[in-house]
Amino acid sequence: MLSPPPYYPHVDEERASYTGSSSDEDDISPREKSQTAGDGFTDFCIKNVAQAAFGRREIEIAEQEMPGIVALRKRAAEDKPLRGAKIVGCTHINAQTAVLIETLISLGASVRWAACNIYSTQNEVAAALAEKSIPVFAWRGETEEDFWWCIDKCINAENWQPNMILDDGGDATHLMLKKYPAMFKLIRGIVEESVTGVHRLYQLSKQQKLSVPAMNVNDSVTKTKFDNLYSCRESIIDSLKRATDIMFGGKQAIVCGYGEVGKGCCQSLKGLGCVLYVAEIDPICALQASMDGLRVVKLNEVIRNVDIIITATGNKNVVTREHMDRMKNGALLCNMGHSNTEIDVNSLRTPELTWEKVRSSVDHVIWPDGKRIVLLAEGRLVNLTCSSVPSFVVSISAATQALALIELFNAPAGRYKADVYLLPKKMDEYVASLHLPSFDAHLTELTEEQAKYMGLNKAGPFKPNYYRY
Ligand SMILES: NC(=O)c1ccc[n+]([C@@H]2O[C@H](COP(=O)([O-])OP(=O)(O)OC[C@H]3O[C@@H](n4cnc5c(N)ncnc54)[C@H](O)[C@@H]3O)[C@@H](O)[C@H]2O)c1
């Protein structure tokens with residue numbers, strides 16, 4: 001008999017609060033409650049402002065592991081480069097994003113904030129923000145209708161004309177564009193964090209409906225390398241351990257996709273002694289895997305023997321019902337890619353198979369002959385569902401977001417047109433440099449002679465845009 005996971009009380013949706021502190025004391029919708037923060041502030045709608053002290057501790061803990069964004073806050077606090085910025089924010093609301101929100105405010109911005117995901121808000125963190133008189137509209141377990149209402153409250157408020165948007169998924173951008181087109185025209189810039197949101201921006205730009213410049217921070221080098229490679233390297237093991245108590249040494253595992261995420265997963269699985277296989281469609285990535293000492297195979301060739309199957313392709317139907325029919329008893333199956341279609345989970349919802357929920361986010365799917373496979377997070381992103389993202393990685397993306405806002409807000413007229421831009425490389429380098437002191441890392445400086453020889457400015461950028469790190 002399996003016991004419940006020790007420190008993971010109720011989490012079954014993407015990036016949910018991992019503290020378990022958000023348990024609902026009542027079922028009254030926050031929209032029906034009237035709450036007042038300590039200093040009489042009422043411009044917010046959250047679950048329970050009384051949780052503020054607990055949320056403040058969570059924010060302080062996150063700050064410890066977010067040296068880059070905290071350094072940026074200190075360095076720019078006097079200049080206040082965001083003085084006059086009125087930002088509509090729509091991101092996950094957790095301890096790490098709270099550090100970003102408070103940084104933007106200390107750089108001079110006014111903000112109004114909503115959640116980009118109905119399940120991911122840490123209620124106590126929202127409470128801590130409200131207690132600091134920050135207009136925040138979010139709680140864990142919003143309905144779809146609440147979700148849009150909250151974003152609307154951030155866009156449309158008395159004496160408030162926003163001039164910047166910080167979005168994660170594109171919902172605030174789209175609501176403003178559709179419902180408040182006149183307001184949208186006065187926006188100076190949009191900063192977008194997610195793959196999906198960036199895709200929507202490029203579509204708008206193609207249809208010539210984008211009337212303001214937008215910064216795609218999703219594709220900054222510091223984001224791709226750190227969020228995809230290093231963060232996944234840490235969180236794959238954490239999520240599998242928390243969900244299943246599995247021992248990795250000697251297990252046979254296959255990782256489908258040897259891009260950034262796949263490489264991160266392989267590094268840590270290899271470190272723990274797994275016998276590793278990789279499936280790839282791209283000969284370059286397949287060659288990289290081979291040079292890294294991994295066996296490149298077709299999933300079909302090893303499916304009967306492997307103990308762990310991880311998808312990380314960004315593709316669909318990588319693991320099919322046919323594969324799952326052939327998996328061995330006890331095989332562990334999960335997905336690290338963005339969409340929940342990498343594993344054809346729907347094909348498992350047939351009458352002859354029995355689903356048994358053994359823990360939050362852990363299902364046993366049982367075949368008529370008694371064979372069972374262990375499916376994690378129903379095929380959704382396993383690390384965001386079963387563990388959490390390291391604050392250090394969020395510090396990097398938060399610093400990138402803050403710098404993108406500063407750049408767009410302060411750019412002279414004409415520097416950016418109504419299009420989608422990547423963050424200038426110099427800023428990517430700056431974000432990285434903000435994080436070096438926490439490792440006591442000392443950069444070598446170019447001499448005049450070396451700079452001349454390389455054709456570089458001594459202060460960077462140090463690489464051309466096409467350089468692949
Ligand atoms: N879990 C997380 O925290 C997290 C973080 C960042 C990105 N992601 C997501 O993970 C996915 C992968 O991201 P990435 O940065 O590694 O992308 P990537 O493009 O660098 O790598 C994906 C790899 O999968 C390969 N591939 C595609 N179809 C395949 C198939 N049918 N079989 C085998 N290999 C196949 C591609 O050739 C590519 O090398 C994306 O969906 C991304 O959004 C997840």
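Numbers run from 1 along the shown chain.
Backbone N, Cα and C atoms are what each Cβ position is placed from, and that goes for glycine too.
Where the annotation comes from TrEMBL, it is an automatic prediction and has not been curated.
Counting only same-chain residues six or more apart in sequence, the Cβ atoms lying under 8 angstroms from the Cβ of Asn383 (NAD(+) binding site) belong to Ser231, Cys232, Ser235, Ile236, Asp238, Ser239, Met336, Val389. TrEMBL lists Gly259, Glu260, Val261, Gly262, Lys263, Gly264, Glu280, Asn383 with the feature NAD(+) binding site.
Per TrEMBL, domain 'S-adenosyl-L-homocysteine hydrolase NAD binding' is recorded for 228-389.
Positions annotated as region 'Disordered' by TrEMBL: 1-39.
If you take the C-beta of Lys263 (NAD(+) binding site) and look for same-chain residues 6 or more apart in sequence within under 8 angstroms, you find Leu229, Gln288, Asp292. Spread of the NAD(+) binding residues is 21 Å (greatest Cα-Cα distance among Gly259, Glu260, Val261, Gly262, Lys263, Gly264, Glu280, Asn383). Taken together, the residues in the domain 'S-adenosyl-L-homocysteine hydrolase NAD binding' (228-389) have a mean pLDDT of 96 on the 0 to 100 scale. Fewest Cβ neighbours within 10 Å among the binding-site residues Gly259, Gly262, Gly264: this applies to Gly259. The binding-site residues in question are Glu260, Glu280, and the one with the fewest Cβ neighbours inside 10 Å is Glu260.
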